[in-house]
Amino acid sequence: MPDQKINILAIESSCDDTAAAVLCNGKILSNIVATQAVHQQYGGVVPELASRAHQQNIVPVIHQALAKANIDKKDVSAIAFTRGPGLMGSLLVGTSFAKSLAMGLDIPLIEVNHMQAHILAHFIEEDGFDKPEFPFLAMTISGGHTQIVKVSDYFEMEVIGETMDDAVGEAFDKSAKILGLPYPGGPLIDKYAKEGDPKAFKFPKPKVDGLNFSFSGFKTAVLYFVQRETKKDPDFIEKNLKDICASIQYTIIGILVDKLKKAVKETGINQVAIGGGVSANSGIRQALRDAETKWGWKCFIPKFEYTTDNAAMIGIAGYHKFLKEDFADFSVTAQSRYKI
Ligand code: KG4
Ligand code: ZN
């Protein structure tokens, strides 16, 4: 731990959340997120509307983060921002703002890979939360990504499995849409699943080689199933919503856990961390807790506020880059595709 106080101001704007956080020596002082409600009526994120909302939100969100942390901008040591991956228009807002502010304050600029940040969120100083030791496996599951990553050091990561098509969050959200639930449907499926029978209906699991995933066939299976059943009984969804949700969730979690088991077997690493929006799901959280007792894994389940997109995770990644003096040039640009 350094003697001096290292205050990182972090900015996240890769998708539809405008977020800012302030960290002092790896501890969160503030973590502000403005979620954009505008997309709900369209059933998904509309990129152009997301960029405009980021432009409106970014100044108040940063002000709020600094005020809550009780830090003056003069005392900020460096600015960390999400360079990618994400929506180009959204990334541009955060990137341009971070560059201008760092330039104006004459302090270092730190670029952060959003997918690395989801994993590094496990290194935020939090009472009651252990940090993983290297090497460990991280499964990042969100609306945009599904990856299993071998993490050898803070910035030494290798993707060992990923989705060939839809992300797991899309499997949740698209299934929810078929059931007539609003966007994003993942949390609603989770809610109804709690009171349903996970074995009421059977959905097929895709057969994909190695540690990769595929979810596009799953949503089609849900669609055909619902079409077939509602033809027989128009009130089928209404009568069986909880059981359908529980069965969908059970199948999706089965797919994720099967691949994790395979990854643990192949790598010999049994420390497993999860991250990304879908790691808020109560079923996957319970499955990992069960894995600790059943198979002796050591699992790392993030606090809820660090599962969906946030700037605290960008800040912790930025802090570890600051310690290595890994600073970005002011010519740095946003990258919508940005590999780990
Ligand atoms: O990480 P995130 O906020 O944004 C992306 O980078 O995509 O993840 C959002 C995704 C959405 O698909 C949402 O439905 C899903 O995470 N999600 C959940 C739950 N909470 C959020 N899926 C299932 N169960 C939940 N409790
Ligand atoms: Zn994310």
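Glycine is no exception: its Cβ is also placed from the backbone N, Cα and C atoms.
Here is what TrEMBL says about this protein:
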DOMAIN    27-315  domain 'Gcp-like'
BINDING   HIS114, HIS118, ASP309  Fe cation binding site
BINDING   THR140, ILE141, SER142, GLY143, GLY144, ASP173, GLY186, ASP190, ASN281  substrate binding site
> Within 8 Å of the Cβ centroid of the Fe cation site residues HIS114, HIS118, ASP309, which other residues of the same chain have their Cβ?
Replying inline: GLU12, SER14, THR82, MET115, ALA117, SER142, GLY275, GLY276, ASN310, MET313, ILE314
>> If you measure from the CA of ASP309 (Fe cation binding site) out to 10 Å, which binding-site residues from the list THR140, SER142, GLY144, GLY186, ASN281 are inside that radius?
In response: SER142
> For HIS114 (Fe cation binding site), what is the secondary structure state per DSSP, taken as helix, strand or coil?
Replying inline: helix
> Quick one: what's DSSP say for SER142 (substrate binding site), helix, strand or coil?
Replying inline: coil
> What binding-site residues in THR140, SER142, GLY186, ASN281, ASP309 place CB under 6 Å from ligand 2?
Replying inline: SER142, ASP309
> If one measures from the C-alpha of HIS118 (Fe cation binding site) to the C-alpha of SER142 (substrate binding site), what distance in angstrom results, rounded to a whole number?
Replying inline: 10
> Here the binding-site residues are HIS114, HIS118; which one has the lowest number of other Cβ atoms no more than 10 Å from its Cβ?
Replying inline: HIS114
> What binding-site residues among THR140, SER142, GLY144, ASN281, ASP309 have a C-beta sitting less than 6 Å from any atom of ligand 1?
Replying inline: SER142, GLY144, ASN281, ASP309
> Within the chain of GLY144 (substrate binding site), which residues six or more apart in sequence place their C-beta under 8 angstroms from its C-beta?
Replying inline: CYS15, PRO85, GLY86, ALA167, GLY169
>> Can you give me the Cα-Cα distance between ASN281 (substrate binding site) and HIS114 (Fe cation binding site) in Å, rounded to a whole number?
In response: 20
>> Please give me the CB contact count at 10 A for GLY186 (substrate binding site), counting all chains in the structure.
In response: 26
> If you measure SER142 (substrate binding site) to HIS114 (Fe cation binding site) at Cα, how many Å is it?
Replying inline: 12
>> Give me the long-range Cβ neighbours of THR140 (substrate binding site): same chain, 6+ apart, Cβ under 8 Å, in sequence order.
In response: MET115, HIS118, ILE119, THR146, GLN147, VAL149, ILE274, GLY275, GLY276
